[in-house]
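Peer 1: Before anything else, here's the structure in question.
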Amino acid sequence: MASELGAGDDGSSTELAKPLYLQYLERALRLDHFLRQTSAIFNRNISSDDSEDGLDDNNPLLPESGDPLIQVKEEPPNSLLGETSGASSSGLLNPYSLNGVLQSESKSDKGNLYNFSKLKKSRKWLKSILLSDESSEADSQSEDNDDEEEELSLSREELHNMLRLHKYKKLHQNKYSKDKELQQYQYYSAGLLSTYDPFYEQQRHLLGPKKKKFKEDKKLKAKLKKVKKKRRRDEEFSSEESPRHHHHQTKVFAKFSHDAPPPGTKKKHLSIEQLNARRRKVWLSIVKKELPKANKQKSSARNLFLTNSRKLAHQCMKEVRRAALQAQKNCKETLPRARRLTKEMLLYWKKYEKVEKEHRKRAEKEALEQRKLDEEMREAKRQQRKLNFLITQTELYAHFMSRKRDMGHDGIQEEILRKLEDSSTQRQIDIGGGVVVNITQEDYDSNHFKAQALKNAENAYHIHQARTRSFDEDAKESRAAALRAADKSGSGFGESYSLANPSIRAGEDIPQPTIFNGKLKGYQLKGMNWLANLYEQGINGILADEMGLGKTVQSIALLAHLAERENIWGPFLIISPASTLNNWHQEFTRFVPKFKVLPYWGNPHDRKVIRRFWSQKTLYTQDAPFHVVITSYQLVVQDVKYFQRVKWQYMVLDEAQALKSSSSVRWKILLQFQCRNRLLLTGTPIQNTMAELWALLHFIMPTLFDSHEEFNEWFSKDIESHAENKSAIDENQLSRLHMILKPFMLRRIKKDVENELSDKIEILTYCQLTSRQKLLYQALKNKISIEDLLQSSMGSTQQAQNTTSSLMNLVMQFRKVCNHPELFERQETWSPFHISLKPYEISKFIYRHGQIRVFNHSRDRWLKVLLSPFAPDYIQQSLFHRKGINEGSCFSFLRFIDVSPAEMANLMLQGLLARWLALFLSLKASYRLHQLRSWAEPDGTSHQSYLRNKDFLLGVDFPLSFPNLCSCPLLKSLVFSSHCKAVSGYSDHVVHQRRSATSSLRCCLLTELPSFLCVASPRVTAVPLDSYCNDRSAEYERGVLKEGGSLAAKQCLLNGAPELATDWLSRRSQFFPEPAGGLLSIRPQNGWSFIRIPGKESLITDSGKLYALDVLLTRLKSQGHRVLIYSQMTRMIDLLEEYMVYRKHTYMRLDGSSKISERRDMVADFQTRNDIFVFLLSTRAGGLGINLTAADTVIFYDSDWNPTVDQQAMDRAHRLGQTKQVTVYRLICKGTIEERILQRAKEKSEIQRMVISGGNFKPDTLKPKEVVSLLLDDEELEKKLRLRQEEKRQQEESNRVKERKRKREKYAEKKKKEDELDGKRRKEGVNLVIPFVPSADNSNLSADGDDSFISVDSAMPSPFSEISISSELHTGSIPPDESSSDMLVIVDDPASSAPQSRATNSPASITGSVSDTVNGISIQEVPAAGRGHSARSRGRPKGSGSTAKGAGKGRSRKSTAGSAAAMAGAKAGAAAASAAAYAAYGYNVSKGISASSPLQTSIVRPAGLADFGPSSASSPLSSPLNKGNNIPGTPKSLHMTSSLASDSLIRKQGKGTNPSGGR
């Protein structure tokens, strides 16, 4: 092969040397010595020491009878590999040496060469091989053969076989390295060549400690010993088979030899000894193996047969025993069955007694409930009269007060007292059944109550007058003492002041006080006169002018009048909400500066300091330390013990609607204060519940109700909810309470008294929900179960109160979504999860020697220098070939673009930075060339004498080339030639004109996506992975890479080019600086940070209301308006604050958390500073008492349930002092719950208007139905109701059909069972009748359900009617279904009332029907009926006589009898309850109650039945064994003698045939 590769084409000696890789390959494949040694070993006879093998002494290496398959070719060494044929005889090695050991060496010397210290049994064969001397002769013989044979070359096929062996070797080496089991043999033979043998240590490390040897291993070793002995014995007897065995061992090596076996190979015959040995071996195997195996099989078959026989015997025994047990069970079943039937009868009668007791209790309970109901009605009537009495008494008191004030006549006193007369003397109640029951009324004397009411009113009036007189006298004495203590004279008023002789008459007009700085309007002056008149008469009042009409000013003017005209300088107590405290203080300071006002608020320490001025000695004069105390409701409750020490001349309660609850602590505390007069100020209409009206009445007239605790008890029962069906009475009482309040209340509205106020315009602004709001709104709506809402709205009153709060929570969720989705679900700041990765460490050795660029150090030289087509030498040779032929050169274009071969090589081989710089330089060159061609002047010649290198560059003249794009402004704005945004598109836009209403449509304008929508951030971020190496050069290289490489590379990355970097450093000194390039010119849409903060634009665009508010505020600010924005939710005000900051609107905020001092300063700043555009207020905190007339626009972001609250809020701007027109905007989301809330607020406003004007009354509480109507649209509610009714109807219909089917199936099943049982009894011939034995414990019951007789002395069954249910139904039937149409028809035959046979076979013949006797039917005895006569009772179908066969069918009707008994008992109980109820009132019932009732029979009982209880022949409560038996009718009356005489006849006929007429 080498000779073929080395042969040249022409055989010349000038051939170049072979490539190095071929030389390396030939040297690596030099295998001659290995092949020679291997062939010598393989061709040597293994058993050469035996003399019987017939070896040839002349040729010891080639046996005579050896197998030629194992002969391996011996090839001479290859001369091309640098060896000669005589290399083996060069004397380097002894030709007769083996493994470097001479043949003459002894075994002891060989043993010193190896380490056999740790050699165990498993490796002893290695020792025998290493110490053997068998290979010396083979080596000498192989050397002789090498000299004799001629040189042979290695064939190609053998080379391929060797390569394949090499491949197999690699494959198995890989398997060895991966398999743990194979790795234990790592030092199997190599350990013998070293001083330390690590084989066993390696094996122990991989396999672990030795496992315990189990018995199986011991057995296996014993078997292995036997096999070895057997093999040894076989080898002794068959020594001739060794060549064949030798052939088998060398089969593995023979397959590498390509010589075919000789065709004529003779088969060797065995000797007799060999055959005997084989025969003996066969017999031994038969005796040792086959015979025990056959014996085992036979014994196992016998055991299996015995086992199966035993199982079969057990099964047969079980079957026989089961049959015997069944027979015994059948024999013993009679007595337990009888006992069971006895127990069932006992349970039946116990159940009967229980049902009877329950019906009796139910009747008593119903009668008791009826009595309770009548008692409640009487109590309600009594309470009604009592309330009428109290209201009449209050009207009389008010009449006395108004008569004194108005000096009127006394003509209406009788009219008031006439209301106590009660014209109704009796009451009729209609009870079911058509019976009218008259209930006697309790005695009521109207004259007595008239006198009592008049007396109480006069006493209360006199007590009030006396209390007022005593208070005035005490105040007079205190004031006189204070005057005497002061060293002053002529203080203005003397001591002659007295309320008994008022100086001002009731009709005289009082002028405005002189100490009041200001001008009162006409209606305000009238209000002050009315208040002064009330004070003179000692009457408390309510000033209820509409908000903004100056209630505060009128109150201050009244106090100034008292100080100026009456010399009453206090002390006055002003109590108001916290939001209006500063307003009261400012108004006092502004209008009456002579008053010393003491603001009582602050922390406990400040209030303690203020209370130092509270001295009783220094009060009541003009020189007192204070005249007026202003405080809040909360502080009054906290410091009540200090306020009760002072006797207040006048107490003014601002926003008096806070006192509407008489059970509150505030109401009770303020009622106990010592004061001469009380004045309540309220701008809202009087509330429309009786309890709230009475609370105001009691507060202004405490003397009238001091002794009447029953009034409180009356309202604590909540009479409105208790008597819902008596609304007419409530309306009458409510109108009377309003009439009582009229003399003590003054109310004016703006449009009636004030024409100077500007108009107020209210505008509803409807907003659309955004997509996010719609999704949230629909999600909330889907979570609501319409059925649950409807069910909760239709529940009881108690359930309605419980569900209203949960429904209101749903309403608040919907309102949050309408206001802003951020209230429901806030968008939080988003940031990815950031982690810091640890740097991975690289060892210094790997860094310096293991990297690819270091490992392949010659790669760059080969690829970039020697083999690269862009090498400068190659480009030069391609352009200038030595033969002068350069037509096919691929680099001929370089001369036309002015690029040298070196520049081309740099572009292609020096990396990306060189190309980038070259591109930058080429763009500059193209720009210069473009300028040169565009602005160069022609030289006058027609053509040039030569062409320049750049004349062939045509790209510069292209219209969209870089120089043209830079120089032309129109080309810069092209789509693909200018810088674009990250995300943009082209859509149509409508452009509106500013000064006209026209608009135009512009198509395909560049549209940028909003920045808050461009959010594409990773979920996890990390610092780029760094490396660390303990090497100085590695750290230097890492630092260079971190800095961006070289300076030029860094400048290109940041600025785009080195020249641009220089310009960037000097940009501040340039007038027109160059735009930045590289990374500095990149501006990401959301910045370089991945943290995403929700934009304020999304805050506006996510809410339809806030978007509408944004547009509205922009317009209002441009027009110079000032705005008040009201909202009920504090979180919504927080969002509005964020919006104001974003839009840069100047604003202020006031809510419930603002302090009192801050509220005063904020209101003052808003009134005085014009730069504040918006005032954010909460509806509850900022809607009371403050003056914000500087604003002319009010915006309600969300509406309140109560329209009065919104009215108060908008009147903060629309009040006295407002000169501009006030515009009120109300933001409403269209199609949502807010529309329905606004509608309800309008309805409520109308109701309040009607109530204050004395109209009808309507409760002011939200019911569940109303809340459900807010949650659902009317159409949706109607649709849901229709669907629900349709589903309910379908469900009822399907249930009815299923019930009918179930009953029919049950009836058919029972019928089938009864027929089967009847047939079985007919076959067995069972027809037993147990004789009648009267007993008291009902023990005469049959065991098998046969005929038995009703004992005479048994308990009387509950009668129901003349025809019982059990006699109507067929045998084994079920209770009748009223909706079923397939039941039996009951025939009422007149002939059935004919005389019947006395001597009938029915056991019930001893009893008779009492109902006919009671109803007046004559009783007579008739002869017995014959065979031809029918023995049917009245109302029974024809052929329904009783037979023994029919009696046998009645034993399976237990449940039917029980249900019949329950129904009959229920009917009887209902009748008894009705009778008992009527009897409780002393009336009898003429009809409507069954004549068989126990009550009726006990009243009208025939004389002939004195010895027997009334028992109906068709009673459903008969014996359960007679259920379904058709019992014929009996005579109307029987005597004891006739019944006893017929006893024997009954017993005789019980065994005979059936009576006539029976089936």
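Heads up, the Cβ atoms here are built off N, Cα and C, so glycines get one too.
I grabbed these lines from Swiss-Prot:
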type	residues	note
REGION	46-88	region 'Disordered'
MOD_RES	K118	N6-acetyllysine
REGION	213-250	region 'Disordered'
COMPBIAS	220-232	compositional bias 'Basic residues'
BINDING	D545, E546, M547, G548, L549, G550, K551, T552	ATP binding site
COMPBIAS	1285-1297	compositional bias 'Basic and acidic residues'
REGION	1285-1319	region 'Disordered'
COMPBIAS	1306-1319	compositional bias 'Basic and acidic residues'
REGION	1391-1464	region 'Disordered'
COMPBIAS	1393-1418	compositional bias 'Polar residues'
REGION	1504-1559	region 'Disordered'
COMPBIAS	1510-1521	compositional bias 'Low complexity'
MOD_RES	S1515	phosphoserine
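Describe the structural context of these features.
Peer 2: Neighbour list (K118 (N6-acetyllysine), Cβ cut-off 8 Å, at least 6 residues apart, same chain): G191, D197, F199, Y200.
Within its own chain, the compositional bias 'Basic residues' (220-232) has Cβ neighbours under 8 Å at 281, counting only residues six or more beyond its boundaries.
D545 (ATP binding site) is surrounded by 21 other CB atoms, counting those within 10 A of its CB over all protein chains shown. In this structure, D545 (ATP binding site) belongs to neither helix nor strand by DSSP; it is coil.
Each residue in the compositional bias 'Basic and acidic residues' (1285-1297) gets a DSSP state, and the totals come to 13 helix, 0 strand, 0 coil.
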Peer 1: So how many other Cβ atoms are close to G550 (ATP binding site), meaning within 10 Å of its Cβ?
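Peer 2: That number is 20.
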Peer 1: Reported in the order helix, strand, coil, what are the DSSP residue counts of the compositional bias 'Basic and acidic residues' (1306-1319)?
Peer 2: 14 helix, 0 strand, 0 coil
Peer 1: Can you tell which of the binding-site residues (M547, L549) has the fewest other C-beta atoms within 10 angstroms of its C-beta?
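Peer 2: Looking at the binding-site residues M547, L549, the Cβ with the fewest others within 10 Å is that of M547.
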Peer 1: An 8 Å radius from the center of the D545, E546, M547, G548, L549, G550, K551, T552 Cβ atoms defines the neighbourhood of the ATP site; name the other residues of that chain inside it, in order.
Peer 2: G683, R1215, L1216
Peer 1: Kindly assign G550 (ATP binding site) to one of the three DSSP-derived states: helix, strand or coil.
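Peer 2: Reduced to three states, the DSSP call for G550 (ATP binding site) is coil.
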Peer 1: Just how many other Cβ atoms lie inside 10 Å of the Cβ on E546 (ATP binding site)?
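Peer 2: The answer is 20.
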Peer 1: DSSP says what for the compositional bias 'Basic residues' (220-232): how many helix, strand, coil residues?
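Peer 2: Tallying H, G and I as helix, E and B as strand, the rest coil: 13 helix, 0 strand, 0 coil.
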Peer 1: Taking the Cβ of K551 (ATP binding site) as centre, how many other Cβ atoms lie within 10 Å?
Peer 2: 24
Peer 1: Going by DSSP, is K118 (N6-acetyllysine) sitting in a helix, a strand, or coil?
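Peer 2: SS state of K118 (N6-acetyllysine) = coil.
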